Every structure is written in C-alpha cells, then in structure tokens.
C-alpha cells in the first residue's frame with residue numbers, strides 16, 4: 001500500500017503544477033488583448049517647450065507665469081531657464097498658451113497622434129484650414145507687454161480747428177473776407193456769376209439774401225472808387241481854372 005501511495009504522489013504533483021501554469025497564463029492573455037502593442041488609448045504624453053521674453057531675464061517674470069493646455073485642463077510651470085514640460089496628456093489636439101500678467105504670448109496648437117508624434121502650428125481662428133508649421137519642442141517668444149488700457153489722447157489746437165462746428169463758422173467768414181480781394185470785382189460778368197452761385201448755396205429763405213450782400217459790398221467799393229475819382233477830377237479842374 002505504501003508503494004501505491006508513492007506511485008500516486010508524482011501524478012498528484014504533476015496535476016498541481018499544470019493547474020498553476022494555466023492560472024498564470026490566463027491573466028497575461030487578458031492583458032495582451034486589452035493593451036494591444038503597448039501604445040493604446042490609456043497612454044499619456046508630454047508637451048515640451050521654452051518661453052522667451054527678449055531682453056528680460058527669466059527670473060524676472062517666470063514666477064507669475066503659467067502654461068495652460070486647453071484652458072485649465074492641464075497646467076504647467078516654468079523652470080528657471082524658461083523651459084516647461086506638461087505631463088499626463090492624452091493624444092489629441094490642444095491649444096498651448098503661456099499666461100503672464102506682464103507679457104503677452106501667442107497661443108500655439110499642438111497635435112499629438114496615438115503613436116506620440118507631435119506637430120505644432122499657429123492658431124488661426126479666422127482661417128482654420130490654413131496650417132503654418134512650427135518647430136517642436138515649442139519656442140514661444142513674447143510679443144511685448146499687454147495693453148490693458150487705451151492711452152488717453154491729449155488735447156491740441158488741431159483738434160479745436162478741425163472741429164466741424166468751428167469749420168462751419170470759420171470757412172464762410174474766410175470766403176466773405178478773402179474772396180473780394182482775390183477776385184476782380186469790377187468785372188460785372190464775374191460779379192453776376194458769383195451772385196448766382198451764392199444764391200444756389202443759400203437754400204434757407206430765412207437767411208438774408210447773399211446776392212444783396214454781395215451787391216452792397218461791391219457797390220460800396222465801386223462807389224468809393226468813383227467818389228474818390230470824381231474828387232480827384234474836381235480838384236484837377238479847379239486847379240486848371242485857377
């Protein structure tokens with residue numbers, strides 16, 4: 001009977017070993033079916049780059065700056081040399097921007113494939129189909145300080161002179177004063193044309209007639225000239241009589 005027991009013991013040992021081997025192979029097969037070839041949906045990647053402000057040391061502004069990926073879905077911080085790394089990002093398309101209260105940076109779109117390939121391009125909200133490639137890792141350069149306020153305009157004499165109300169009052173006055181001196185008013189045809197043109201402009205009947213004003217203006221000058229001429233002729237005639 002002891003010999004029978006010793007003969008049954010190796011068979012029992014083989015059965016136990018075969019059961020352990022099968023149980024260890026089943027989890028491996030399940031893991032292989034869900035994970036694929038090692039790069040699957042659950043894999044995460046990182047976005048790298050560097051932010052630069054021309055003429056300013058990184059230590060002067062990086063403490064208040066942040067790196068935002070798709071708003072605040074992923075947040076990164078800048079190192080002392082201006083470089084940054086944002087971890088744990090799945091494949092997809094993301095807008096990466098450096099946010100700083102003192103400097104402005106243009107956003108960049110980064111496309112990550114399922115195999116981990118990176119492609120960076122400008123963000124164009126107007127022409128979305130236009131693609132302008134950028135080097136990767138990202139090199140984000142500041143375009144200057146942001147303009148939070150509009151500069152207040154200073155008052156000048158040109159603003160006063162170019163006011164429409166001032167121009168409406170000054171220009172007619174200049175025309176009435178300078179035009180008789182420039183144009184030959186002794187010509188009756190020229191005077192008649194000027195009166196007709198001014199009457200065409202004077203569409204409001206409540207205002208005084210411009211032609212009457214021009215006639216009085218020119219007639220006063222002509223009468224003054226004639227009176228001065230007659231006085232001169234009278235004096236010359238009196239001299240001759242003497």
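Placed from the backbone N, Cα and C atoms, the Cβ positions cover glycine too.
Segment annotation: Swiss-Prot labels region 'Disordered' over residues 217-242 (candidates 191-216, 217-242). Helix, strand and coil counts from DSSP across the topological domain 'Lumenal' (24-159) read 21 helix, 49 strand, 66 coil.
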